[in-house]
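Sequence annotations record features per position, and here Swiss-Prot assigns domain 'tRNA-binding' to 40-155. Residues annotated as domain 'B5' in Swiss-Prot: 409-484. For Asp462, Asp468, Glu471, Glu472, the entry in Swiss-Prot reads Mg(2+) binding site, with the evidence type similarity to another entry. According to Swiss-Prot, the domain 'FDX-ACB' annotation covers 714-807.
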Amino acid sequence: MLVSYQWLKQYVDLDGISAEEVAEKLTRGGIEVDIIHDLNQGATGVVVGHVLECRQHPNADKLNLCQVEIGEEEPVQIVCGAPNVAAGQKVAVAKVGAVLPGNFKIKKAKLRGELSQGMICSLQELGVENKFVQKEFADGIYVFSDDVEIGSDALEALNRYDQVLELDLTPNRSDCLNMYGVAYEVAALFDKEVHWPTAESSGTDGQASDYVSVEIEDIEKNPYYGATIIKNVKVGPSPLWLQNRLIAAGIRPISNVVDVTNYVLLEYGQPLHAFDYDRLGSNKVVTRLAKEGEKMVTLDDVERTLQADHLLITNGRDPVAIAGVMGGATSEVQEDTTTVLLEAAYFDPATVRKASRDLGLRSDSSSRFEKGVDPKRVREAAARAATLIAEVAGGTVVGGVVEAGELAIEEPVVSLNLPHMNQRLGMELSHDEVAAIFDRLGFAYTVENDTFEVTAPSRRGDIRIEEDLFEEVARLYGYDNIPTTFPVGGTTRGGLTDYQQKRRKIRRYLEGAGLFEVMTYSLTSEEKEKGLQGENEDYLPIRVAMPMSEERSTMRTSLVPHLLDVVQYNLNRKQEALFIYELGSVFLSKEETLTKQPEEREMLAGALTGFWTEHLWQGEKKAVDFFVVKGILEGMFAELGLSEKVTFERGEQPGMHPGRTANVKVNGRAVGFAGQIHPERQSELDLKETYVFQLDVESLLTEEGTEVAYEPLPRFPAISRDIALVVDENVTAAQLQQVIEANGGEWLKHVYLFDLYEGEHMEAGKKSIAFSLTYFDPERTLTDEEVTAVHEQILKELEASTGAVLRG
């Protein structure tokens, strides 16, 4: 929106307030001013001249010698090449010494042997953009009307001392797409009064209903239509003041009738359209929806193909305008027009927006209709335009307005709670201060206790909720005046909780052991959830109400399927070995239909495949196996101080290898499992031998760990004894180790499993397990007899509790 500062001063007293101050105030009030255009552009010394004589240059076919009166004692001779220069014209003359935009200085000069003492100017040479210049002056000099005084300042006559504010409006402030809204905004910001001209059209000659009837077929898309008749008009150029205001606002003057409709559009924000009444083709106006494929030629001489949801203005048969977008060429106001039908209507914003978008046709009218115009100003704008047309085109307004439909004027009441507003804005405004702001804005209100019931004017369609009023109060009070406050709160010593510290230990240990952390989706498919839930197999899959896809339709109950997806993805991309883990949540419920939030439980899972060590000169490469996984977990439990509480027991889990899977228990309570994926499942997923583990982190970390105890380096030698035991194949090494540690006494410091044998030379159903036992006393050197006694006691207990016998 381009706002002329001089035009704005007609409505608001801005004496002593510069355009720059207005721009600053508007910007700080939420109406951003992008730039201030200075129309003068540094021009000086241009006056109104009168061409007394014009004859052809003796030495040039396309030049003229002009004698021009410029308000001085003697006329001056000027050489002019404009094709439209003629005697009797009043023109803009840049005198010798004048400066034109671009710092172009005018000097005396000889052109083809003839002296030229100045320059007769076109509007473009005075800084007017070519697109705003009237067609008749586009290729030549500008000609003033006869009422302009000779010798007066031509720049002032052309309003070139004006400044234009370019507003960058947000979509909610369409009320400022017109001078009416801007005037009230500026008046509110500066606490001024608005002096708005009264708009009354007093038609006296006959009744408009004798000329035309109006009918609306779709009242939802066209709630109101009004037609005013102005007869005996004489179409011609607009007066200079009207042309100047249109040019300043970025609109090219066309003719007095059309210029008035554009002027009122800028003034009120209400789009109007002027039809040549005699070219309508009937005395009837009917608004209706287009027929699919119906065609019409618009004012830009383009044939448009219409759709069935486009709203048209018709003469009862043929379309004469696309409602709210553009008029038709057949009913255009032309030089011989004598009777004008002036349209003032309210069209549905969505209907106008769709037609404009479908046709690729955007106009000043459509841009306002699609944002919603003020229904309260429709009739007022029509009356203002009718009066101006009669004034500038010499017409007579026919009595009455022919109307159809009704204007629904909505002014919603919005409540504002003062303490709530102060709390939200961080201010302490009183009732009187808030009331004064609403008075400046022109908002009606009532007050009861701390509550304001506020009614905004119909032009302010953006005021709908309490927060809108908060914004208005803050804008008018001044954002810069809102006190700056900093958050207040006591400082506390930062630190991680015990749970967080343990989680960090897990991450640090696993990464040190060579595993990489991954993060996978919390959503999966129901099919993938089957068969690998581990200890969560009794829980039902939880489907999402509106999934993005079937691949992400179910909340996970296990981390393992997701890790296997990661393994599969990387193996397919030539990664031969992969060691990964994830700390994440699973979602558990035993209800088919959820009546409460599912249980969210944090789990730790890992997946390992490929070679654990590479083939180097120090030794052969080693593939991942169950004991690698078990060793990693034992190291992690040692880091957490849980070594003495954790046991691995042979077990079975869905989707896991039956002979290479162990249940992990802490103090006899199951917290997870570790083992190899079942070969059939590996084959389905096209995986190599892959091992996984999954632990319930919350159950694990709630256990109290043993504190690390530091001991001095031993001064006395230790004694080691190896034992190889033959046991039933269902007896685990962990069971044997527990018996050994329970009966080894204080001298037994370490128990290390170093051999497991099954196969040839072993009785069926039996296996051999060998341990190395280390005995040590920090106070003295142990004797063989002392160690042998303890060792034999261990063997007796092993035989009694597990049936183990010493291997011969």
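Cβ atoms are placed via backbone N, Cα and C, with glycine included.
Structure with Swiss-Prot features highlighted.
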residue	record	Cβ neighbours (10 Å)
Asp462	Mg(2+) binding site	16
Asp468	Mg(2+) binding site	16
Glu471	Mg(2+) binding site	14
Glu472	Mg(2+) binding site	25
May I have the list of same-chain residues other than Asp462, Asp468, Glu471, Glu472 whose Cβ is within 8 Å of the Cβ centroid of the recorded Mg(2+) site, in sequence order? Asn172, Arg460, Ile463, Glu467, Leu469, Phe470, Arg475
Can you check what DSSP calls Asp462 (Mg(2+) binding site), collapsed to helix, strand or coil? coil
Over the span of the domain 'FDX-ACB' (714-807), count residues by DSSP class, listing helix, strand and coil in order. 30 helix, 32 strand, 32 coil
Asp468 (Mg(2+) binding site) in three-state DSSP notation: helix
